[in-house]
Amino acid sequence: MPNASSWSASSPLLLLWEDSSGTRIFLSLLYAVLAISGTLSNVMVIYLVFSFKKLQTTSNAFIVNGCAADLSVCALWMPQEAVLGLLPPNSSSLRSAEYRLLRGGLLGLGLTVSLASHLLVAFNRYVLITKLPSVYQALYQRRHTGCMIGLSWALALLLVPLLPGLWTPGTAQQPPPRQTDGSSRYTALLLALAVLGQTALLLHCYLGIVRRVRGSAKRVSVLNFHLLHQLPFPAAPPPPRRAQRRLSSVSVLLLCCVFLLGTQPLVWVSLLGFFLRPAPPALQAASWLLLCALSALNPLLYTWRSEEFRRAARSVL
């Protein structure tokens, strides 16, 4: 039975140092469930947006972009982890450095674009609610929207070569060079700071929406944008103004809470490992699992309160 250090270098489960067969089987089943549910939900959202003209809005273009990125995690990366978790630690598939880099690249690409899409959706809704209609129309022309989506993928492709260093430590017999270890620690720090900055901007956008909706429900009701159907409060039938403000605030805060639960554990685990000492292996694995699980939950976060999405899904099903 390999020890913790040797298992860390060849483990198919990201940042998992456990060598128990029961743990590997449980996590493989968890990856399988997330892969199936996440793939189905992301494909369903993409299909609905492309099939129903009413859903083809700017906000939904960013949501579809996030779903496409999440498919890289749910449909390509998670099934491999589910299968590899059932293989013995000395399997040749697990010892291939190229294969580990490929899986790491898929994960890094999907998560980077997905997080960028969260921010694009939040900023789009913030401009819609808090700015004049003319400002929104000028900023979100089709050409500008395409550029924003393209930049999210270009940024991810530039960052992907840095990310695999986060989960490719050396073995007990062949420890990593000091320079590589330091590079991994600084990469983890940069990742944590980037997610913190993205989270701060996202919270600023959504809390700004909550303040504007609560303070000026009349302005929201007179905006003649079909994109309002994508906001996290129901579009029809319209509830009383006070109830509408309450539903909007609760829905936005719930979305923010789920996002924080999925992203912040990894941030603080990374900061703890850089400034103090590495967190326990189980905590590191759990923080990565929460971040990866967000890829399966994202379609529900942005569509569960939309009457248009529910009506389109019912017509398909």
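Here the Cβ of each residue, glycine as well, is placed from N, Cα and C on the backbone.
As recorded in TrEMBL:
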type     : residues : note
TRANSMEM : 25-50    : transmembrane segment
DOMAIN   : 41-302   : domain 'G-protein coupled receptors family 1 profile'
TRANSMEM : 62-80    : transmembrane segment
TRANSMEM : 100-123  : transmembrane segment
TRANSMEM : 144-167  : transmembrane segment
TRANSMEM : 187-209  : transmembrane segment
TRANSMEM : 250-276  : transmembrane segment
TRANSMEM : 282-304  : transmembrane segment
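Same-chain neighbours of the transmembrane segment (62-80): 12, 31-32, 34-35, 38-39, 42-43, 45-46, 49-50, 103, 106-107, 109-114, 117-118, 120-121, 124, 145, 148-149, 152, 156, 230, 292, 295-296, 298-299, 302-303, counting only residues six or more beyond its ends whose CB sits under 8 Å from a CB of the stretch. Only residues 6 or more beyond the boundaries of the transmembrane segment (282-304), in the same chain, are considered here, and those with a CB under 8 A from a CB of the stretch are 13-18, 27, 30, 34-35, 37-38, 41-42, 44-45, 63, 66-67, 69-70, 73-74, 77-78, 107, 110-111, 114, 118, 121, 230, 255, 258-259, 261-263, 265-266, 269, 273, 310. Outside the transmembrane segment (25-50) by six or more residues, the chain places 13, 16, 56, 60-61, 63-64, 67-68, 70-71, 73-75, 78-79, 81-83, 85-86, 285, 289, 292-293, 295-300, 302-303, 309, 312-313, 316 with a CB less than 8 A from a CB of the stretch. Each residue in the domain 'G-protein coupled receptors family 1 profile' (41-302) has a pLDDT score, and their mean in this model is 77.
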